[in-house]
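Colleague: Here it is: the structure, laid out below.
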Amino acid sequence: FIRRVGWDERLVNESYPWVEKQIIHQPKLAQWQGAFKDSLLDVGVSPYNGFTYDHIHGTKVGGTLFDRFGRRHTAAELLASANPKMLTVLVYATVQKVLFDQTGRRPMATGVIFKDENGNQHQAFLTNNRRSEVILSCGAIGTPQMLMLSGIGPKAELDKLNISMVLRNEFVGKGMADNPMNSVFVPTNRPVEQSLIQTVGITKMGVYIESSSGFGQTQDSIRCHHGILSAEIGQLSTIPPKQRTPEAIQAFIKRKQDLPHEAFRGGFILEKIARPISTGHLNLVNTNIDDNPSVTFNYFHHPHDLQRCVDGIRMAAKVIQSKHFTNFTRCDKPTVEKLLNMSVKANINLIPKHTNDTKSLEQFCKDTVITIWHYHGGCHVGKVVDPDLKVLGTNRLRIVDGSTFNESPGTNPQGTVLMMGRYMGVKILRRRLGKAAHV
């Protein structure tokens, strides 16, 4: 990935440890994860690479934001390394748009309008130093939305909402992609400890196999939220916004009570497609930055993506039926069809289901696809930003986030997105002070 995006490999390798040392930890492997690890190796996802941050083929244990006490560490803690005299953080400020001076040959960012916790609007301006700049880090969905609301984007998109055009760029909001995730539920005859993704199988067929466990410990817990797979907390992004009604969510919650308790007492095996070919687009719904835009990812639009999903589900089924997993779950060896039917019924998106058609893995993939929140694209290098991530056709405006990616790096892009800030900051500073500058 680093070579494909043209980054300085040496500087990248200096920037990653800077993040890792401050907020990343080695997880204590849960029993479920241990059985999952042995099963991956059993079905040929080898070699075992142990605990590592490196993205290499085989089975590994990755880093986690949770420390040994179960406390979650966030990117905000990286601020501890900053010079407080050089930094002001407005915790409850929400940027509304970027401001531009359009009197010159190219529009120049001059500051932003932001809203405070009381809803009052303010303006923040750059200094007269020509090196001062506005840096957008709103994410793959927020950044193209922010650009368009600020007047940079496709003409038709701006015209339909009467947004004054600052710079026409037909590529803003285009090439949006998300890594499809499909999961197979695994019932157990006993409660298992909760575990987020710790072990991962990085296959050579372009699919990552991961697992999580312990959604609930009692029969009552089936009425509760279940994290990554909960409709109640908004895991409905695979369907059109108008269909994500409160009534539809309540109907799912009611149906969920009829599901086997074992489905939530155990866990699930998921597959995530690496580097999906299918892409979509982002469109504004209105001019309110607080309202989500409309995003179409076109999951499985390209047949190669669908085939890789099928391959991933087949691999997940082999893992589930491995002796290591069946010995741990203490369940009879279930048929693949039975597991898939349970998974279709328990899936939390609102796509119409084909519960009698699970022999078709293609249909299973289409019915059960959900997001793993690894959105990327919308402000690609060479189309919206240059190789230094400066917005093309403007001055003093840069983007540093996943909207510039053509792919989501690694099994989880979080580490790379965190690293980007350090990388770009050091790169810019060294360019100004000389390559020998130590940061």
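Using N, Cα and C of the backbone, Cβ positions are placed for all residues, glycine too.
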Colleague: Disulfide-wise, see what TrEMBL says C309 is paired with, picking from C331, C365.
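Modeller: In TrEMBL, C309 forms its recorded disulfide with C365.
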Colleague: Take the domain 'Glucose-methanol-choline oxidoreductase N-terminal' (139-153) and find every residue of the same chain, 6 or more past its ends, with a Cβ under 8 Å from one of its Cβ atoms.
Modeller: 95-100, 163-169, 172-173, 176, 282, 284, 287, 289, 292-293, 295, 375-379, 384, 391, 394, 399, 401-403, 405
Colleague: Including all protein chains shown, what's the count of other C-beta atoms within 10 A of the C-beta of P413 (FAD binding site)?
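Modeller: The answer is 21 other Cβ atoms.
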Colleague: Test of understanding: give the count of other CB atoms lying within 10 angstroms of the CB of C309 (disulfide bond).
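Modeller: That number is 27.
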Colleague: With the FAD site defined by the record as V95, W373, H374, G402, P413, Q414, how many Å span the farthest pair of C-alpha atoms?
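Modeller: Answer in Å: the longest Cα-Cα distance is 24.
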Colleague: Applying a 10 Å Cβ distance cut-off over all chains shown, what neighbour count does H374 (FAD binding site) have?
Modeller: 24
Colleague: Please count the residues of the domain 'Glucose-methanol-choline oxidoreductase N-terminal' (139-153) that DSSP assigns to helix (H, G, I), strand (E, B) and coil.
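Modeller: Helix/strand/coil tally for the domain 'Glucose-methanol-choline oxidoreductase N-terminal' (139-153): 11 helix, 2 strand, 2 coil.
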